[in-house]
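> To start, I am sharing the structure in question, which I have written as structure tokens.
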């Protein structure tokens, strides 16, 4: 019977609900709540958005205000589940019911096992219409914090809900926004710290425009938003974030220039974690970013390997298909001028064709080496080292492919390089490419030799190692 009722709640089957009531009476519904059942049909119906079922169930069950806020095994009430799912009709009905019982504030302020209210759940999933309704019924819920001391603004940034963040700041928080903009979580990180650590350029630009935002707020480790960006810089939009923060009056702290080994924050991607750091978050984001770039380079290397292999099989200009006429040598013997399968361009310009095949072979082997490094069949010193070697392989491949293209065009159209426009553009491009190659290889060799040319990588890695060592010591002492 209970299984039938739970299935009906998930699917919104009112006929099944009425059948259970006819067979066992309405008291069986109330019995589920009185028996202390962790998960009730009301929880399931609220989670799956079955508004009609919720109304009929509550009408037949004559549920009390206390039972309405009953928590399931995950510590969520029906209002939590409906808010997280964005089921506006159910949220409105539950709040109206709570209003009739004069418990709407208790209902809205009820927290789950992570210390989150229904408003927090709606912010996490970005359900703006639900946020609006919850605000109207219980505006004081906006000032509640989770067990990690996170405000609604922290959660909006943490879960990439930019529209919800704008809605909260512009339309709902009003005069209290000044209090929440600069509030730190358990480790003192404001929403600007979070947005910077998670590379949210749009959010950073929006936040620095807020007149009450303290751009130079420090977390518990004395780090400002600009410090976090400098220490853990991996993305291409870092200079844009730096510009936005500096234009708003932001600058680095004196402590950060000499000490960057402190852990920064709990993991914004893990809702159940309470003690991990922003360094771990940044490490995870770097790993994801490196994984994506590794996949892209692998695809590029595979395509280039295919192209260069095809050039070797079918060189430009084609191959002779028959035997050429005999030519008499100096000793009087007769040999054919060309043979089947011999490249036609080889007979026209042997030096340039040989140069083309040499560069093509280099491009092919560079592509194969890049593919091998992306698979990593052998152990490397670090992931950063493997990534740097892959970059070198990719850059070599692109360079060889470029010169190969120029030689092929020159072989086909001999007079092309004699054109001034082509010659000047090719010369300029070659100089620029050469300068980039020299700079890149110099820094790469310094890095692979253990000398950090940027002065940041070693500090970040050292900080991560120190943080891990401290955690290991704490674990040992507690054991």
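Cβ from N, Cα, C; glycine included.
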> According to TrEMBL, transmembrane segment applies to one of these ranges: 327-349, 419-441. Which one is it?
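Range annotated as transmembrane segment by TrEMBL: 419-441.
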> If you check TrEMBL, which stretch out of 353-372, 453-472 is marked transmembrane segment?
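So the range that TrEMBL calls transmembrane segment is 353-372.
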> What stretch in 296-314, 353-372, 392-413 has the biggest tally of Cβ pairs under 8 Å against the transmembrane segment (419-441)?
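Looking only at 296-314, 353-372, 392-413, the most contacts with the transmembrane segment (419-441) come from 392-413.
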> Note the mean pLDDT of the repeat 'ANK' (114-135), expressed as a whole number.
95
> How about long-range neighbours of the repeat 'ANK' (74-106): same chain, 6 or more residues beyond its ends, C-beta under 8 Å?
42-43, 45-51, 54-55, 58, 64-65, 68, 112-114, 116-119, 121-122, 124-125, 127, 129-130, 133-134, 137-138, 140
> Do any residues of this chain, six or more beyond the ends of the transmembrane segment (392-413), have a C-beta under 8 angstroms from a C-beta of it, and if so which?
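Apart from its flanks, the transmembrane segment (392-413) reaches 297, 300-301, 304, 307-308, 311, 316-317, 345, 348-349, 352-353, 355-356, 359-360, 362-363, 366-367, 369-370, 373, 426, 433, 437, 440-441, 444.
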> How about long-range neighbours of the transmembrane segment (353-372): same chain, 6 or more residues beyond its ends, C-beta under 8 Å?
297-298, 301-302, 304-305, 308-309, 311-312, 315-316, 343, 345-346, 390, 393-394, 396-397, 400-401, 403-404, 407-408, 411
